[in-house]
Structures are given as structure tokens and as C-alpha cells.
Amino acid sequence: MGDAVPCVPCVPCVRIALVGFGNVGQALARLLLAKHGSFQFEVKVVGIATGSHGTVVNLEGLDLERCLTTLEGQGTSLPDAEAMLRHVEGHCDAVLEAMNAAADGQPALSILEQAFMMEPPAHAITASKAPVALAYQRLKAFALKRGRRFLFESSVMDGVPIFSLLRQLPGVKVKRFVGVLNSTTNLVLTRMRRENCSLWDAVAFAQQEGIAERDPSDDLDGKDAATKLAVLSAAIFGCQVNPAEIPADSIRNVTLEQVHDVAARGHTLKVVCEATLAEGHVETSVLLKELPWQHPLANLDGASAALTFETDVMGPITVTSTDPTTMDTAYGMLQDLQVAMLGDGCGGR
Ligand SMILES: NC(=O)c1ccc[n+]([C@@H]2O[C@H](COP(=O)([O-])OP(=O)(O)OC[C@H]3O[C@@H](n4cnc5c(N)ncnc54)[C@H](OP(=O)(O)O)[C@@H]3O)[C@@H](O)[C@H]2O)c1
């Protein structure tokens, strides 16, 4: 068994359970270790669940340093995430989910619902986009009914503050947003232009860099971007859009010749995500576009992402995420935890 982790006296102690302990879950553990004492609360991790690397619980707090090496022998071993959440019920303030959710949002969706069903309920925080895209309204209503928060800062743009920024602008209405949301396609198109290489060579590079998945179809065919657009539409406009129904261009057939022709016209190719609210209805698209170099998104190179909001009060507000890492994503989840436990003072979205 790992050593119990005592909380620092006089600082509130927040007990969390981590579901998913891969790239993001482990980055979160490293961040908690590195930033120990930097927040207005202490965090005690009472449970960690994985798919095939074990699931452990210690209500006194797991030793994260040791858990980063192996989960074996670090606490009471349980068969799966559902059993872990049942075990920590009554001893867990928030469930942080960072597992690989399928296109139907499962099993992440069930885990988030289980967090609200606990007695007392826990806050539910996710890094996964599919459950938010598909069930935002249901999860939000469930959270409200149970007096808890459902937060998902890391599901879009890797945890760079978008939703928390908008919560800080009470009364401001977003009318339209436009952005580049998929890192893989942006890296591939940038690399084709800069390195004069084919699309598939650029995809191979993105895979080597750990940006593209082994099967890059969801990125190349606009599905990842459409799902992120659906998350944003649901959270910002309150309009649940089925990602499968968002018109989405694939970049599979982009040739090097096309990239050079576009450059010769003084333009660059970008996969542009757009959503506009008109009379309670939202128009969404993920389109491969030629942008002139003076366009704010044109110079966004590599694995970066950016989003510009047009509002009824201020001029356009742009948020950029430059070559994000899993630390950005982990920080987004920690920021959500802060909002869940201490509030953001603004209520809203
Ligand atoms: N990586 C990023 O930079 C990034 C950025 C933004 C958002 N996200 C999102 O964050 C989530 C996690 O990404 P990741 O890169 O950390 O994925 P990952 O490295 O593949 O890790 C996934 C984790 O989930 C666990 N898992 C799978 N099925 C499970 C189950 N049924 N019960 C409990 N745990 C289960 C896996 O365990 P096993 O390994 O044992 O199967 C693993 O620990 C994804 O939804 C992703 O889209 C990731």
C-alpha cells in the first residue's frame, strides 16, 4: 500500500478520483505534484482507474509519485472504474475523467453520470469531447439538479481557457465564432507548404510527433473538428448539434501542387470551423478554406489552434493555443476543479 497523503492544515482538502491515467491523467498527477501548495486547496487523489493497468483506491490519499511508476500495490485493487466510484462514494468531491471516449461518448458518459449519482454527488470534470458534444444539455441539467458542476475546459483547445474566459464576461452575447481547432490538419498543411512534402509524409511526421493518432481518419476527415464545434455550440449557444450532421471537408485529397497554387495566389489553406447563431438556430461548418495572409488565422502554424469570438459588445476576441502539450490539458482540468470547488463568481455558461 502507498503512503497516505496528509492535507496541509487550514487549507481545504479536495478529494478527487481520476478515471483514465494515460497521457492526460499522468500529466495531471505530475502537475499536482509540481504545484503542491500553489492552490487555494489541497488535492487528495482517493482513486485511480485505468482500462488495463489496474484500478486502485485509498481513501487516505494515494501516493501519486509511486502511482506514476505503477498502480500495482498502491491501494485496494478494484476491477473497474464503476467499482472504484462506488468504493469512494461519500469520500470524493470530484471525478476527473480523461479516458478515451468512443464516438458515442461511452464509457465516459456513464462515468460522468455516475459522479452525479453518488451520495453525496461529486462534480464531474472531463477532458473528452464526445460526451459533451452529444449530451451537454442532459449532463448540465443533471449537474444542476444535483447541485454540482459539469465542466469540460480541456475538451476543446487542450485546456486553454475558453469557457472560463466566457464565464468572466457576464452579459456578453457571442454571435459567431470561427477558428482552427484541429492540430493534426493544421500541422499537416503547414508542413506540406514549408517542407514541400506530400500529405502522407506530413501525416507520418505528425504521428512521429505524437500529434496524430495511429489512425488519423477523424482528424483528416474533419470529424474531430466537428465534435469540438458541437461542444462549443452546445456550451456557448445552448444548441446541441449532432457532430455527424455538421458539413465537414476532408483534407485527404489535398495535393502539394494545390498547396503551391494557393501560396502563389498569396493565400494559405486552413481547416476553418465556424458557427453562427441566427434566430435561435446555429449554422455550423468545418471547411477547407483559402485564407489571405492578412487573415488572423492564416499565420497559425504547426499544431497550434485558435478561436475568435464575435460578440454583441466588444470587438473580436481571439484565444490562441500555441503547440499545446498534455500539461495544458491537465491544467485545464485543474482549473475546472478550482471553479467547481470555489466557484468563478459569475455563474452562467
Ligand atoms: N492527449 C491530449 O493532449 C489531449 C488533449 C485534450 C483532450 N484529450 C482527451 O483526453 C482524454 C484522454 O486522452 P489521453 O491522451 O490521456 O488518452 P490515453 O493516453 O489513451 O489514456 C486513456 C486512459 O483511459 C484509460 N481507460 C480506457 N478505458 C477505460 C475504462 N473503461 N475505464 C477506465 N479507464 C479507461 C486507459 O487505460 P489503459 O491504458 O489501461 O487502457 C488510459 O489510462 C481523451 O478523451 C482525449 O480526447 C487529450
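Counting starts with 1 at the first residue shown.
Every residue gets a Cβ built from N, Cα and C, even glycine.
Residues annotated as NADP(+) binding site in TrEMBL: Gly20, Phe21, Gly22, Asn23, Val24, Gly25. Residues or ranges marked as NADPH binding site in TrEMBL: Lys129. Marked as domain 'Homoserine dehydrogenase catalytic' by TrEMBL: 161-337. Marked as L-homoserine binding site by TrEMBL: Glu213. The active site, proton donor annotation in TrEMBL covers Lys228.
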PLDDT averaged over the residues of the domain 'Homoserine dehydrogenase catalytic' (161-337): 96
Between the Cα atoms of Glu213 (L-homoserine binding site) and Asn23 (NADP(+) binding site), what distance do you get, rounded to the nearest Å? 13
Tertiary neighbours of Asn23 (NADP(+) binding site) (same chain, Cβ under 8 Å, six or more apart): Thr326
Which Cβ among the binding-site residues (Gly20, Phe21, Val24, Lys129, Glu213) has the fewest C-beta neighbours inside 10 Å? Glu213
Starting from the NADP(+) site formed by Gly20, Phe21, Gly22, Asn23, Val24, Gly25, give every other residue of that chain whose CB sits within 8 Å of the mean position of their CB atoms, in sequence order. Leu18, Gln26, Ala27, Leu28, Thr50, Ala98, Met99
Name the secondary structure element type, per DSSP in three states, that contains Gly25 (NADP(+) binding site). helix
Lys129 (NADPH binding site) and Phe21 (NADP(+) binding site), distance between Cα atoms, whole Å: 17
Least Cβ-crowded entry, counting other Cβ within 10 Å, from the binding-site residues listed as Gly22, Gly25: Gly22
Gly20 (NADP(+) binding site) to Lys129 (NADPH binding site): how many Å between their Cα atoms? 14
